[in-house]
Amino acid sequence: MATATVRPAAQRLRLLLSPLKSRICVPQAEPVATFGTAVTSAKVAVNGVHLHYQRVGEGEHAILLLPGMLGSGKTDFAPQLQSLNKKRFTLVAWDPRGYGYSRPPDRDFPRDFFERDAKDAVDLMKALQFKQVSLLGWSDGGITALIAAAKYPSYIRKMVIWGANAYVTEEDSRIYQGIRDVSKWSEKARKPLEALYGYDYLAKTCEDWVDGISQFKQLPEGNICRHLLPLVQCPTLIVHGEKDPLVPRFHADFLLQHVKGSRLHLMPEGKHNLHLRFADEFNRLVEDFLQ
């Protein structure tokens with residue numbers, strides 16, 4: 001029984017992290033240049049920390065890209081930074097505090113860490129003098145996007161989310177526990193993130209993330225942000241990969257039911273990393289929705 005339980009978790013882990021192994025690299029500080037077709041990077045002081053971001057494009061429509069667990073703008077959104085329309089959009093891909101290049105501080109996971117990320121994200125974009133923004137949120141970044149849209153409705157124009165969930169189930173908890181020990185990950189899954197963070201930081205942060213996300217299971221109905229969904233006012237596109245082994249379809253259906261006026265787009269061959277595996281299709285979908 002133990003073997004049967006561990007194997008699916010390991011498979012899910014590989015599916016989660018495998019898209020990063022060919023794209024992830026250690027972020028390098030890049031010179032700030034004229035915003036346009038060249039991706040630039042910088043840091044800005046927000047809420048007592050220095051948040052790192054990448055920026056590209058010169059369009060009127062500002063878009064913030066929000067990465068997933070242990071992710072960063074550079075590792076999670078390369079195809080979007082490269083290929084989304086630079087004349088129509090200005091793209092900003094951020095590293096949440098404690099992730100990527102937004103260190104120090106080390107990442108921690110108090111119960112309100114998603115709310116903290118949402119405030120950081122909005123305040124970052126305000127510090128960059130954007131009057132209003134749209135959100136692209138993957139996985140944990142999708143949860144952060146939902147909270148930001150609910151709490152700052154006048155600031156968010158539109159939102160695209162995928163791989164997100166508003167609550168935690170027993171099934172989710174089993175998946176989380178299966179990835180706690182990074183020494184049990186495959187080398188292909190571990191090495192790229194180890195190059196980004198170093199082994200000790202990666203191992204500790206992964207354990208802390210599992211504890212942080214698992215604490216929601218102790219709340220009524222496993223609540224992360226389900227109580228905030230009725231407050232979302234912006235047009236919302238939910239994208240779900242029908243072969244996603246990490247986030248079951250019922251999470252997308254729940255969001256569709258509780259986010260007023262939202263739309264659900266299913267990708268039959270999509271998995272958790274659908275925006276990387278099917279980048280061209282995903283980018284077209286995003287551009288059509290945000291126009």
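Cβ coordinates are placed from backbone N, Cα and C, and glycine is handled just like the others.
Keep in mind that what you see is a predicted model, and the values were worked out from it rather than measured.
Marked as signal peptide by Swiss-Prot on the basis of similarity to another entry: 1-37.
Per DSSP, the secondary structure of the domain 'AB hydrolase-1' (62-173) breaks down as 41 helix, 25 strand, 46 coil. Annotated domain 'AB hydrolase-1' per Swiss-Prot: 62-173, in sequence order, evidence recorded as sequence analysis.
Sequence annotations record features per position, and here Swiss-Prot assigns N6-acetyllysine to K74 (among others) based on a large-scale study or a structure entry. Counting every protein chain shown, the Cβ of K74 (N6-acetyllysine) has 26 other Cβ atoms within 10 Å.
Marked as N6-acetyllysine by Swiss-Prot: K86 (among others).
Taken from Swiss-Prot, the feature N6-acetyllysine applies to K119 (among others), supported by a large-scale study or a structure entry.
Taking the Cβ of K126 (N6-succinyllysine) as reference, residues of its chain lying under 8 Å away and at least six apart in sequence are, in sequence order, Y155. Per Swiss-Prot, the feature N6-succinyllysine maps to K126 (among others); the stated evidence is a large-scale study or a structure entry.
Residues or ranges marked as active site, nucleophile by Swiss-Prot on the basis of similarity to another entry: S139. Neighbours of S139 (active site, nucleophile), defined as other CB atoms within 10 A of its CB across all chains, total 24.
Residues annotated as site 'Binding of alpha-amino group of substrate' in Swiss-Prot, with similarity to another entry given as evidence: D140.
Residues annotated as N6-succinyllysine in Swiss-Prot: K184 (among others). Note on K184 (N6-succinyllysine): other Cβ atoms within 10 Å of its Cβ, all shown chains, come to 14.
DSSP classifies K191 (N6-succinyllysine) as helix under the three-state reduction. The annotation N6-succinyllysine is assigned in Swiss-Prot to K191 (among others) on the grounds of a large-scale study or a structure entry.
For K191 (among others), the entry in Swiss-Prot reads N6-acetyllysine, with the evidence type a large-scale study or a structure entry. When Cβ atoms from all protein chains are considered, those within 10 Å of K191 (N6-succinyllysine) total 15, not counting its own.
Residue environment of K217 (N6-acetyllysine) contains 17 other Cβ atoms, counted within 10 Å of its Cβ in all protein chains. DSSP assigns K217 (N6-acetyllysine) to a helical segment in the three-state reduction. Swiss-Prot lists K217 (among others) with the feature N6-acetyllysine.
If you look up Swiss-Prot, you'll see E221 marked as Mg(2+) binding site, on the strength of similarity to another entry. Long-range neighbours of E221 (Mg(2+) binding site) (same chain, six or more residues apart, CB within less than 8 Å of its CB): Y167.
Here Swiss-Prot flags K243 (among others) as N6-acetyllysine, drawing on a large-scale study or a structure entry. Secondary structure at K243 (N6-acetyllysine), taken from DSSP and collapsed to helix, strand or coil, is coil. With a cut-off of 8 Å between CB atoms and residues at least 6 apart in sequence, the same chain places P268, E269, G270, K271 near K243 (N6-acetyllysine), listed in sequence order.
Cβ environment of K260 (N6-acetyllysine): P230, V232, Q233 lie under 8 Å away, each six or more residues apart in the same chain. Summarising the annotation, Swiss-Prot assigns N6-acetyllysine to K260 (among others) and lists a large-scale study or a structure entry as the type of evidence.
Taken from Swiss-Prot, the feature N6-acetyllysine covers K271 (among others), and the record attributes it to a large-scale study or a structure entry. The number of other CB atoms found within 10 A of the CB of K271 (N6-acetyllysine), across every protein chain shown, is 22. Reduced to three states, the DSSP call for K271 (N6-acetyllysine) is coil.
Candidate recorded positions: K74, K86, D140. Nearest to K191 (N6-succinyllysine) by Cα distance: K74. In this model, the domain 'AB hydrolase-1' (62-173) carries an average pLDDT of 98.
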